[in-house]
Structures are given as structure tokens and as C-alpha cells.
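Structure, as C-alpha cells:
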Amino acid sequence: MGLYVSRLFNRLFQKKDVRILMVGLDAAGKTTILYKVKLGEVVTTIPTIGFNVETVEFRNISFTVWDVGGQDKIRPLWRHYYSNTDGLIFVVDSNDRERIDDAREGLHRMINEEELKDAIILVFANKQDLPNAMSAAEVTEKLHLNTIRERNWFIQSTCATRGDGLYEGFDWLTTHLNNAK
């Protein structure tokens, strides 16, 4: 009985450590999202050459978030960050209609990688504050998200500068990572 109570207590209150890989095309808002969630404020960013890594505490999970640069020359290096990834956050600039096909190709290339087969997928349809931004439904269609089978995925409309949708996305991650581990 004591062992059962101890395990239940640990399951309910023990902090979990998870590894999150956050990627997307350049200028999608990845670094802005990372620091808005971490610090609660918008910071001035420059294009990420390489990566940023931060720990974000949310509910009972300690997220180690790897924000990897998205310039086309850097994208082949994304695979070096796949190992032990529990969740993938793919950030899309919803206002960038010209490169949505590039985003789709990058996302589908990643989700077909063996090292990411168990990672859950959260898509942030970012920059929803811009007047010509695609809705989450349109981004879902353009990214062919409905073709993703046997994978747990979710799309969340966001505005990184205002913080809209970010915590809802992390809430989804928390719920599904708790169920998976």
C-alpha cells in the first residue's frame, strides 16, 4: 500500500524533464516564442545562427527547449538535434504565403525521420495579428497536417509578440506528454 501511494504521489507531483525541439523557417518567430514563454516579455532578436536552449517550467514539466535556426543553409543541421526529442514545435509564419510549401516540405521531412517517430507535434500558426495571416485551418490544409497518421499533433494559432495562444499550446504539450510518459 505504501509503495502504491508513493508511486501515485510521484506521478502526480514529480517534475518531468522533457526535450522539445522548436524549428521552422527563418523569421517564423521561434526565438520570440521561446523568450516570451520563458521571460514573459518580448525581447529583441536577431536571426539565430545555431541554436538557443532554455529551460521553461510549465505545470509539472520542465521543458528543455532547443530553438534551432531556420535559414535554408542551417536546416540540414536540424537532424543533429533529433535524438531524445519528446516533442516537436514547428513554428509557421502564417503571413508568409510564398514559403508555406517550403515549410510543409521541412515539416514532413522531419516527421518521417526515425529518431522523431515518437515525438508529439505542436504547430504554432504564428503572426495571427497580421491582416493577411492564414488561419489555423488554412495552415492545416497548406501543411497537409490531416495526412499525418498515427502521430499525435495539434495546431495552435499564436501571436508571439502578444503571447496569444502560446500557453494554450504548452498546455496541450503538457497534457499529451504526461499521457505519453
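Cβ atoms are placed via backbone N, Cα and C, with glycine included.
The following features are taken from Swiss-Prot:
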type: BINDING; residues: G24, L25, D26, A27, A28, G29, K30, T31, N126, K127, Q128, D129, A160; note: GTP binding site
type: LIPID; residues: G2; note: N-myristoyl glycine
(request) With GTP as the bound species and G24, L25, D26, A27, A28, G29, K30, T31, N126, K127, Q128, D129, A160 as its recorded binding residues, calculate the greatest Cα-Cα distance and give it in Å as a whole number. (result) 19
(request) Could you tell me which of these binding-site residues, A28, Q128, has the fewest other Cβ atoms within 10 Å of its Cβ? (result) Q128
